[in-house]
Amino acid sequence: MTPTSAGTIPGLDQAPTTHQPLLDWVRETAALTTPERVVWCDGSREEWQTLTDQLVEAGTFVRLSQKPNSFWCVSDPDDVARVEDRSFICSKNEADAGPTNNWMDPLDMTIVMTEHYRGCMAGRTLYVIPFCMGPLTAENPQLGVQLTDSPYVVVSMHIMTRMGSKALTLFGDGTDTAAEFVRCLHSVGAPLKPGQEDVPWPCATTKYITHFPEDRMIWSYGSGYGGNALLGKKCYALRIASVIARDEGWLAEHMLILKLTSPAGKVHYIAAAFPSSCGKTNLAMLEPSIPGWKAETLGDDIAWMRFGDDGRLYATNPEAGFFGVAPGTGWKTNPNAMRTLYRGNSIYTNVALTDDGDVWWEGYSDAPPDHLTTWTRDDWTLTTDYARGRLAAHPNSRYCTPIAQCPIAAPEWNDPQGVPISAIFFGGRRATTIPLVVESRDWQHGVFLGATLSSETTAAATGQVGVVRRDPMAMLPFVGYHVGDYLQHWLDTGDHAHATQLPKIFYVNWFRRAGNNGGDGRFLWPGFSENSRVLKWAIDRLDGTATATETPIGLVPTPEALDLNGLDTPPDDVQAALTVDPDEWRAEIPLIEQWLATIGDKLPHALLDELEDLQHRLA
Ligand code: GDP
Ligand code: PGA
Ligand code: MN
Ligand code: MN
C-alpha cells in the first residue's frame, strides 16, 4: 500500500492512541480506501445513540416501538448468510490450508484484494474499532482492531465484543512492549460517487472473506452479513484463533458453554459443538423441564479452552453477545432468549416487521399478526401468505443482543479464568441413523465421533439446504489450517502433559425423524427444554449413577436410565430416537470412509483404528 494524501482525511489525526503500528495501519488503509472521514470508536452510549440515529435516518434501521432501544433491519437479498465458497485461508503453503479450505497464495490474494479495496470507501466513513475477544481482565487479552466502512458493523460490534476505549487502553502506548493485535479490515465494497444516493444495505456482488493466518490478519470485502463482517466472531475467534490455539496448545471451538446445577447443588459445566443452525443458542439458554435442575449460560457459539493448573480444561467465551437464529425462537421453545430480547438493546436482521413496530418471525408466536412487512419489504397477510406458507422472515434471520441482559447469564460468564468443562457434546441435524445420545468409550473414540460428525446443511451458509455433509467438530467452515492437523491436535489434547481430568465426550442428535417406516417426518424427540433429560443422563454418567448399554457405536442409555417422568412424547418415538440400527450404520460406513479419505496423508492413524473397530462391531 502506498500512502497518498491520507493526511488530509478528517478525523485521521484525532487518534486517541499513540500506538504507532496501529496509527500506521489506519493511515495506510485510509490512503488506499479513500474514505470521506475517519472515526475512532469509543464504544460509548453516545456513539451507539449517534450511529443508530444515523442508521434510522439512512433507512437502514427502523426503530421498534415495542422493544426498547431496538432496531429492525433488512439486508440485500443476496447478503443473508456466510459465504463459505468465498472464504479463503491464505497460508503461505497451500498444504497448510488442507483439503477443506479454499486457498490462494497470500501475495496473489493481496494483489487482487488491494485492487478491490482501492477507493472502496469513497463517500463513506472509516470506523476504527479496537476490540478485545474475551474478558478485558484476562492476563493475556486477545486484541483486535476492525477497520470498517459499515456503521451496522460498528453497532453490532458494540453488542458482540468488548470494544472502544476500554479495549484500546489494553493496547499500550505503541513502544516495543505494545500488545499484538489481529488486523481486521472490512469493507462493504460499495463506494459512493459524489452526490450518489446510498442504499439501505450497501454490499458488493463479489465477496471475499480472507484470512492470512501467519500474519494474524483478516481481509473481508463485499458483505455486511454478521458471519462475514463482524470479524471478531468467525474470522478471528475461530479461523485465526484455531491456528493460534494449535501453536500454543489450546482449543478454539464452535461451542456453547452451559452451567448445570443438579437438585443436590452439584455444578457441572458443559460445552457443545453443533453446526450453524443446529441448536447451540437454544441449548445455551435451556430451561430444564426436569424439576430441580438449573441451567445458566456462559456462551452460545464459541469456546476457547485451555488447561488450568489443576489439569482440567477451562472454557471462556470470547464474545459478549448472542447472534442468534430468529425463526423457531418463541416463548415455548426458548423463553430465556425472549426475555433477553424483551429487555431491548438489540438489532434484528431479516425478520419481519409488524404494523405496530415490533418484530415477528416464524415460531415467534402461535398467532401471527394479520399483516406484516417481510424481510424483503413486501406486504404479507395472514389470510393469503400465511395460508400459502410464504415465510415472512428469512430462515437465517438473526437477533443480536447482549449476553449481560440474559436472565440466566451465569455470574462467571465474564470471568477470565473460565470454567472447568466436565463434558463435551458433539451433535448435528440428522433425520436418520444417529441416535438421541451416545457416550464415547474414551477420549480417542470421542474424537472419532467428533471427527465424523455429520449434519444436514442449513440456511446459515449460502448453498443448498438439507444436504448431509461431514462437519468435524462442527468446525468444517472454521478450521484455519489443515483438518488432518486439527484432528491430530484434538487427539494430542487427550495426551496433554497437564491433563488430569479430561471431559467425557458425548454425541447427540435432537433432529431424528419418523419417516423411514412410513412415518410422517415429525421429530421423534421433542427437543428444547426436554433436552435437559439427555444432559441429566450424561451428568449421571459422569457421576457414575446412570446405566448404559454397549452398542457398536458407543454407549446409549438403558431404557430406565433416561428420566422420562412427565414427558408426553409417545414412548415408541423415544425408543426410535434412541435406536442404533446396524443396517443404517452399515450404510453410514462408506460415507465415513469417503470423508476420512479426503483428509489424505494427514489423517491420524488413531481415527482409522477407530473406524476399523466400528466396522468389527457392526460385522
Ligand atoms: P445454532 O445456530 O447452533 O445456535 O442453533 P439455534 O439454537 O439457533 O437453533 C437453530 C434452529 O434449530 C432454530 O430454528 C431452533 O428453533 C431449532 N432448534 C434448536 N434446538 C432444537 C431442538 O432441540 N429440537 C428441534 N426440533 N429444533 C431445535
Ligand atoms: P450459529 O452462528 O452457529 O449460531 O448459526 C452463526 C454461524 O455459525 O454462522
Ligand atoms: Mn456459529
Ligand atoms: Mn447460535
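Note that Cβ sites are derived from N, Cα and C of the backbone, with glycine treated the same way.
Features of the protein shown, as given by TrEMBL:
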ACT_SITE  CYS278  active site
BINDING   ARG82, TYR225, GLY226, GLY227, SER276, ASN396, SER397, ARG398  substrate binding site
BINDING   LYS234, HIS254, ASP301  Mn(2+) binding site
BINDING   SER277, CYS278, GLY279, LYS280, THR281, ASN282, ARG398, ARG429, PHE528, SER529, GLU530, ASN531  GTP binding site
DOMAIN    24-246  domain 'Phosphoenolpyruvate carboxykinase GTP-utilising N-terminal'
DOMAIN    250-617  domain 'Phosphoenolpyruvate carboxykinase C-terminal P-loop'
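Sequence features, as recorded in TrEMBL, placed on the structure.
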residue : record                 : Cβ neighbours (10 Å)
ARG82   : substrate binding site : 23
GLY226  : substrate binding site : 23
HIS254  : Mn(2+) binding site    : 25
SER276  : substrate binding site : 24
SER277  : GTP binding site       : 23
GLY279  : GTP binding site       : 23
THR281  : GTP binding site       : 25
ASP301  : Mn(2+) binding site    : 26
ASN396  : substrate binding site : 26
GLU530  : GTP binding site       : 20
Top Cα neighbour of SER397 (substrate binding site) in the set of binding-site residues HIS254, THR281, ASP301: THR281
Cβ contacts of PHE528 (GTP binding site) (under 8 Å, same chain, 6 or more positions away): ASN282, LEU286, LYS332, THR333, ASN334
Where the record names ARG82, TYR225, GLY226, GLY227, SER276, ASN396, SER397, ARG398 as binding substrate, the maximum Cα to Cα distance in Å: 15
Rounded Cα separation (Å) that holds between GLY227 (substrate binding site) and LYS234 (Mn(2+) binding site): 6
Cβ-based isolation winner (fewest other Cβ atoms within 10 Å) among the binding-site residues LYS234, ARG398: LYS234
Pairwise CA distance, GLY279 (GTP binding site) versus ASP301 (Mn(2+) binding site), rounded so that it is a whole Å: 10
Neighbourhood of ligand 4 - binding-site residues from LYS234, ASP301, PHE528 with Cβ under 6 Å: ASP301
Binding-site residues close to ligand 3 - of GLY226, SER277, GLY279, ASN396, GLU530, only those whose C-beta is under 6 Å away: none
DSSP state at ARG398 (substrate binding site), helix/strand/coil: strand
Mn(2+) site, defined by LYS234, HIS254, ASP301: further same-chain residues with Cβ within 8 Å of the Cβ centre: GLY227, LYS233, ALA237, LEU238, SER276, ILE302, PHE478
Remaining residues near the recorded substrate site, that is with C-beta within 8 Å of the centroid of the site residues ARG82, TYR225, GLY226, GLY227, SER276, ASN396, SER397, ARG398: VAL80, ALA81, PHE323, VAL325, THR349, ALA460
Filtered binding-site residues, from GLY226, SER397, ARG398, GLU530, whose Cβ is under 6 Å from an atom of ligand 2: none
GTP binding residues SER277, CYS278, GLY279, LYS280, THR281, ASN282, ARG398, ARG429, PHE528, SER529, GLU530, ASN531: largest Cα-Cα distance, in Å and rounded to whole number: 24
